[in-house]
Amino acid sequence: MSASKEGKEKKGKLLGVENISPPKDKRPATRMKLLNDVGAGEDSEASTTTTTSRTPSNKQEKRGSVAGSRIKILNEEILGTPKTEKRGATKSTAPAASTVKILNEKKTPSATVTAVETTKIKTSPSKRKKMEHYVLQAVKSENTKADTTVTVVTEEDDTIDFILADDEEVVPGRIENNNGQEIVVTEDDEDLGEDGDEDGEDSSGKGNSSQTKIKEIVEHVCGKCYKTFRRVQSLKKHLEFCRYDSGYHLRKADMLKNLEKIEKDAVVMEKKDICFCCSESYDTFHLGHINCPDCPKSFKTQTSYERHIFITHSEFSDFPCSICNANLRSEALLALHEEQHKSRGKPYACKICGKDFTRSYHLKRHQKYSSCSSNETDTMSCKVCDRVFYRLDNLRSHLKQHLGTQVVKKPEYMCHTCKNCFYSLSTLNIHIRTHTGEKPFDCDLCDKKFSALVALKKHRRYHTGEKPYSCTVCNQAFAVKEVLNRHMKRHTGERPHKCDECGKSFIQATQLRTHSKTHIRPFPCEQCDEKFKTEKQLERHVKTHSRTKRPVFSCAECKRNFRTPALLKEHMDEGKHSPKQQRSSMRSAVKIMERTDCAICDKNFDSSDTLRRHIRTVHECDPDDIFGVEPHPSKRAKKDIESEEVVPVALNTSAGSLISSQTDGNGVVVREFLVDEGDGAAQTITLENETYTILPLDGAIEGEQLTDEAGVKPEAKKEEAQVSPVVKKEQRKSLAASLAAAIADNLEESCSEDDFSGEILTEEDIKLKENVGKLIDMLVDPPILKKYGWPNAPEETVLCKVIENCGHDLTKGGENYAELDYGSRMREYCKLLFTVVIHNDSIKSLLNNFPIDDVIEYVLGDEDQDEGGLDKDNESHSGDEEAVSVTGETKTNEIREKPEKKEVSAKSEKKEIVGKAVDKDNSEEVVRENKKKPVGEQEKA
């Protein structure tokens, strides 16, 4: 405790401050800091001639620290009398003003603030010189118009200015001298320029008008170039553009100490063919990505750049260059610099920009026609196109383009590697770097490197966003002139690069080279003679060979393929091909093919496999659970019987087309409807009134067309055994007749023109139709598809509407698509979809080399093919087969009509209706076959 008290007494005696213990109810002592190191480093033996006869020793504090010698002024409860001055006291500008006190209590000062005096502290001359560059001031301003400065006056009229310390907490209060005069000490923010006035107003409002405040002058220093700023915002803005490295001034101080050594090393470097100002080889000197702001030279490394700045662009103009705008550091370096102008072949340089030239008239021309000219209008323009030039030789070379004269490549500038000739030596040197792989110019903003400085400058425009070249037609801007020239060819329609094989023309030579590879097909298949353009296409083709090599075991009856003999044997053991099972398998196949609409979202699909995949992916449910759920009645009412097709091969089901050509037009359409009652244990419906139409058509009211629920009897199975086969035959015939009449009445309303266009589709057309449907689902948004009537509308209609909606008129194309068959029409529509609607160059290139069917499958991907293979395997396990077919021998066309479903009891039954259109002979054949069957089989049927 005694040691701390002695320290406080010493600090207090530095300016003659009384150290009186503060009262308990006062705040902690306020600290003030002298930013100039006046008392730093002095010996404890140095004495003064005032009340403070000895200064404290501050050897522990290093010079350059944030805090200099600190003065701690303690609070005083009672105003004390000043001590008597000792021998050797200095003169003061105001009497009895050597004591400064800080009081926490608020008192109104009786007089204005006067200057504070103290004795001089002796400092060595070296220390004094080092402190000359500090400019430290604390300014206090009154609410009145009088402004004074608080200073510490020394013996030799020197002033020691001080400010409040930043790192110590400043307690607001008043400074009072021996005469009772007080100085208000306020707390200012770090940014004085913005917040100082507001704080001053708050503090001054608490006292009288005679109260004053002390403002801090805080200097914010840049850590790179050590430039000071009054505001934080100014410092932040400066840091964005400061080009100096953080340690440049430290290295500059070392170079100043070793200036003589640098001069000796410069002479040695010149003898070794190394540039003395940047220490780079003369082969690639002054060529890099770090540009000098004072001259046109650039450098590869930061060290070379700093050495150049230190030697060539000195802050003093004691040794200026007589040729260029450089200011050398010493006379010896100036001599080397001027010798460099002469020995390196460019003795003439511009005083403004520093660019050097080999001849004097080049310099004069530069000074006349460049931005360094006093008269900026000294330019030369082309009289043909009004283009402006600064050099006469550039104008002459430009005029050769109008005359049609081409610059001839000189054979002396020939590359020995590729035997190409160039216009000049500089272009040859740049070209040689493409063979050697040398890229000396790297971008400082990314990792790219370039073989020429021009390429680096063009690349940097992409980082800066500079686009100096703009199109006069569409005002689109570009960073490189070559890109603009290529863009202009789009407006003019110029395509100078033409393919010799197919005659196609392109804008760029690279596009032609890429296109030529399509004719070369460098990837041949080792197993066949086919060739492919890309390696990916070859890999896809090789997979087809692996699939065909796999052994196939076919069923002799149904021509079905199986992977293993065990699967084939299992298929034969199931007895699917026995006469008794063929009819049930037909009905099971019809049952499988019937359900293609989703019971959740009412969306229709081409096949049950697509429906299953939709349920798994979209609704995330098990398809087996959904298949047993009936759709909502409101959704079922929207579906017509004629909107479903069982046999995709025969789309023409009109009455005229179903009559065989061999009947000479005398055939009659007779439709037979097979009603699947389910297994024998389920409840069945007994037709009690044959005069009723028992199938709900077009969502009619159930009570009008169906028998009521009283017609459904639990004991229906027993009653069925009492019905004779003749009655059942008549009932079945009446049912078929009524259904045929109902369908004929609603045929024109419910069936679309495309479904009954009278065209017979092949298997390829059916596959194309399915792929087009998937393509439409993938490319067009669902709201637009719903607007066009999808999925109820046919694929061809929706595809035509999509193409016409995109602005292409199918009637003005000059082609009559109506004369083509279904497959050709769909292929032409798909080509229009890819070329006119979808602007994709990769798809267009595929169309030039592959048929449209392959392009559609390529767009859809290989997923459908893989799933198709899995579906075949699953079908082989299940043993179900599609038994509905069309044969020319029997002249039979089959379609499926799907009626509305009626829930009769808890175990509702699905009725599946299959219509057969046959002529008279075939219909009688069917009736005779039904007569031959036993009664039990008829009941089961």
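A Cβ is built for glycine as well, from the same backbone N, Cα and C atoms used for every other residue.
Annotation comment: Swiss-Prot describes 47-57 as compositional bias 'Low complexity'.
Summarising the annotation, Swiss-Prot assigns compositional bias 'Acidic residues' to 185-202.
Marked as compositional bias 'Basic and acidic residues' by Swiss-Prot: 869-880 (among others).
Here Swiss-Prot flags 891-941 (among others) as compositional bias 'Basic and acidic residues'.
Residues or ranges marked as phosphothreonine in Swiss-Prot: Thr186.
According to Swiss-Prot, the feature region 'Disordered' maps to 1-97 (among others).
Residues or ranges marked as region 'Disordered' in Swiss-Prot: 176-211 (among others).
Residues or ranges marked as region 'Interaction with mod(mdg4)' by Swiss-Prot: 760-860.
Under the heading region 'Disordered', Swiss-Prot lists 864-941 (among others).
The feature zinc finger is assigned by Swiss-Prot to 220-242 (among others).
The zinc finger annotation in Swiss-Prot covers 290-313 (among others) and rests on sequence analysis. Note: the zinc finger (290-313) comprises 11 helix, 5 strand, 8 coil (DSSP; helix = H, G, I, strand = E, B).
What Swiss-Prot lists as zinc finger is 319-341 (among others). Beyond the zinc finger (319-341), the same-chain residues lying 6 or more positions past its ends with a Cβ under 8 Å from any Cβ of the stretch are 259, 262-263, 266-267, 270, 275-277, 294-295, 310-313, 347-354, 356.
Residues annotated as zinc finger in Swiss-Prot: 348-366 (among others). Long-range contacts of the zinc finger (348-366) within the same chain: residues 294-297, 321, 323-326, 341, 372, 391-392, each at least 6 residues beyond the stretch ends and with a Cβ under 8 Å from a Cβ of the stretch.
Here Swiss-Prot flags 380-402 (among others) as zinc finger, drawing on sequence analysis.
The zinc finger annotation in Swiss-Prot covers 413-435 (among others).
Beyond the ends of the zinc finger (441-463), by six or more residues, the same chain brings 287-290, 298, 430, 433-434, 479-480 to within a C-beta distance below 8 angstroms of the stretch. Look at Swiss-Prot and you will find 441-463 (among others) tagged as zinc finger.
Stretch with the largest number of CB pairs closer than 8 A to the zinc finger (469-491), among 290-313, 497-519, 523-545, 553-577, 596-619: 497-519. DSSP labels the residues of the zinc finger (523-545) in these numbers: 11 helix, 4 strand, 8 coil. Residue counts of the zinc finger (319-341) by helix, strand and coil are 11 helix, 4 strand, 8 coil (DSSP-based). Looking just at the region 'Interaction with mod(mdg4)' (760-860), the mean pLDDT is 77.
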